Amino acid sequence: MNILLRLIVFALDPLGLGRRFLIRPAVNLGWNVYDRVRSKADEKVGTVRELVLRLGLIAFAVVLIIWLAVFMYAAFYYVYMPAISHTRPVHMQFKTCLETSTPCTFPHAHVSLTKKQQLLMVGQAYKVIVNIDMPESPQNLELGMFMVCAEMRDYDSMLRGHSCRSAMMRYRSPLIRMISTWVLSPLYVLGWKEEFQQVPVEIFSRYLEERQHPITDVYVEIQSQKIQFYTVTLHIVADFTGLRYIMFNWPVLSAIVAISTNLFFILVVFLLSWYHWSDAKWLHSVQIKYARLTKSLEPGVIHSKASSLRDDDDDLVAYSDKSDIADVGGDTLSDVDADDLVLVKKSRSGKRESPDALRKRPTKKTTADH
């Protein structure tokens with residue numbers, strides 16, 4: 001097959017002029033064009049890869065910065081903002097008189113806030129409220145005013161706060177009660193509504209928690225033997241002021257402002273760090289100082305430093321010998337002649353010849369005849 005191709009080529013171009021001046025330049029031109037196209041394609045692929053890599057890095061940096069800003073605000077909100085309220089049921093207890101089957105003592109209860117050391121936040125003001133659900137019975141309507149007292153005690157049962165407040169049911173005239181009863185009678189019949197009033201009694205308006213003596217127990221007492229009630233609950237509500245008030249009442253606005261501020265400061269720190277790390281001169285100097293410090297602690301380096309100091313001493317001795325030789329000869333010597341005249345020979349024991357012995361040696365005349 002190869003022989004046949006060669007014969008065909010020889011028959012078409014016996015002198016090789018076509019191959020030399022037509023085919024070979026065309027093939028070379030084609031290869032050159034192919035190489036250029038391929039190099040440009042590789043460059044484009046490289047630029048596309050670099051562009052994708054840069055975009056990926058920028059996207060990662062943006063996501064990381066936004067996540068850090070959100071995380072910082074969430075962590076600050078979790079640490080700075082306390083729980084808005086704590087609710088505990090109050091189970092009243094009293095002693096019953098055997099003759100009349102009525103309470104002989106005031107209803108009282110012990111409420112355990114927490115088994116831990118602390119429930120409330122130090123420095124935050126709280127409102128302590130006792131809610132009493134009282135039916136609109138004739139006995140409660142005739143009861144009038146009564147007192148509700150509460151004691152705040154710490155883990156060691158030490159008294160940390162005591163307060164009493166008066167309360168009563170809200171007055172409604174017989175006509176208003178009759179009209180409301182007729183209007184709401186379907187709800188009363190279906191059981192969707194009951195005839196009772198919730199009487200809130202604010203025991204403490206601004207109670208402040210102590211760091212050394214946190215409150216763990218509350219003792220509640222209603223100073224009335226004729227009172228009738230369904231349930232009693234204890235509410236401890238945080239009274240926010242200042243920044244906490246803004247963060248609680250306008251959470252979206254405060255979150256936007258705080259996250260934007262965090263983004264600004266994080267971007268400033270990021271740009272300063274980028275500018276600082278882009279200049280590698282200080283890093284190179286630190287590496288050199290660290291290398292010098294680590295090498296100075298190595299015994300081999302210490303030995304080399306000691307040997308260099310000895311070499312410096314030898315140079316000083318040689319220089320002094322040059323000056324001595326110049327003084328003895330009385331003529332001005334060049335540095336080369338002085339180096340030739342200074343003969344510092346070491347014996348096998350490592351001793352030097354003294355300068356006096358060197359002065360006794362015959363010196364050659366270095367002055368030129370004029």
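Backbone N, Cα and C atoms are what each Cβ position is placed from, and that goes for glycine too.
Swiss-Prot has this to say about the protein:
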- 1-18: signal peptide (SIGNAL)
- 19-55: topological domain 'Cytoplasmic' (TOPO_DOM)
- 56-76: transmembrane segment (TRANSMEM)
- 77-251: topological domain 'Lumenal' (TOPO_DOM)
- 252-272: transmembrane segment (TRANSMEM)
- 273-370: topological domain 'Cytoplasmic' (TOPO_DOM)
- 346-370: region 'Disordered' (REGION)
- 350-359: compositional bias 'Basic and acidic residues' (COMPBIAS)
Would you mind listing the long-range same-chain contacts of the transmembrane segment (56-76), meaning Cβ under 8 Å and 6+ residues beyond its ends? 255, 258-259, 262-263, 266-267, 270
For the topological domain 'Cytoplasmic' (19-55), what's the model's average pLDDT? 72
